[in-house]
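Here is the structure we will look at.
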Amino acid sequence: MNKVSINYKNIYYPPGGILLWIIIFLELFTFGIALIAMVFYSKQEPLLFHDSRLLLNATFGMINTLFLLTSGYFMAVSVAQLKANNRKKSNTYLLLTMLFGMLFLALKSFEYYGKLNEGLDLSYNTFFTFYWLLTLFHVIHVIVGLVILTSVYFGIRKPQSNTSIEDVEASAAFWHMCDLIWIILFPVIYLLF
Amino acid sequence: MKTTISLTWLILIVLTITSAYISNLQGTYIAFVILILAALKFLGIAFQFMELKKAHVFWKGIIIGFVVIFIGIISVVI
């Protein structure tokens, strides 16, 4: 069994590739600045932010965090299996990764449906403007991530696949970026105010 | 390799449940503790799942720098 090894110590080759990491930092800065702006706005209307936060279901937020973390775990195992040339196992873990990503989307959709039924839409107040913009923007990333992972799944399933380990690592880095963004969104939006 | 990833996943799950639980408690430093737990989870994903632990020190430094500045600003403002 041949093991694939890449020298990540080179500054130009972080795991996932330098271009992906530039995108990751751009995304983190964008979400980070938006969250800092949200916290600044909360100082102007602390009661409104506190009451609005209580209208969110923190348990849904926590379960969604568990879904994404579990999905990220399977993604990491899938990459490790692929590096050990276990393509079949890698594909199985990739399917589990996508399953938990879809569970995240299903619960998020259920949460959105409830909020819209209660009239808590984008224009309800400042808190919900931030809530919708930030979480919807994140959901778009998750959907794009799932499309990329589906393409990787069919790519590495072929016997004569030209999908390289670098392609899979880049896709994995994008998927983990969705975890990273959610990890900073969840406490600020659902727990802090 | 798989053991390290599994252990990281377990720690991340425990930290998530802990942060959700302590958010119901009253106290001056609760918000700060929640942010610190979020920072630990963030670094756990970056270093273990994304294998940044194997990367050049530049990438490690920049991700730690981001999380320290982000948590620092939020903690000061909140």
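Backbone N, Cα and C atoms are what each Cβ position is placed from, and that goes for glycine too.
Listed in TrEMBL:
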type: DOMAIN; residues: A:1-193; note: domain 'Heme-copper oxidase subunit III family profile'
type: TRANSMEM; residues: A:12-41; note: transmembrane segment
type: TRANSMEM; residues: A:61-80; note: transmembrane segment
type: TRANSMEM; residues: A:92-110; note: transmembrane segment
type: TRANSMEM; residues: A:130-156; note: transmembrane segment
type: TRANSMEM; residues: A:168-192; note: transmembrane segment
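Long-range contacts of the transmembrane segment (A:130-156) within the same chain: residues 27, 31, 34-35, 37-38, 41, 52, 56, 75, 82, 87, 90-91, 94-95, 97-98, 101-102, 104-105, 108, 121-122, 162-163, 167-168, 171, 174-175, 177-178, 181-182, 185, 189, each at least 6 residues beyond the stretch ends and with a Cβ under 8 Å from a Cβ of the stretch. Using a Cβ-Cβ cut-off under 8 Å and counting only residues 6 or more beyond its ends in the same chain, the transmembrane segment (A:92-110) has close neighbours at 60, 63-64, 67-68, 70-72, 74-75, 77-78, 81, 135, 139, 142-143, 145-146, 149-150, 152-153, 156, 175, 178. Distant neighbours of the transmembrane segment (A:168-192): 15-17, 20-21, 23-24, 27-28, 31-32, 35, 38-39, 53, 56, 58, 61-62, 64-65, 68-69, 71-72, 75-76, 78-79, 82, 90, 97, 101, 130-131, 134-135, 138, 141-142, 144-145, 148-149, 151-152, 156; these residues of the same chain sit at least 6 beyond its ends, with a Cβ under 8 Å from one of its Cβ atoms.
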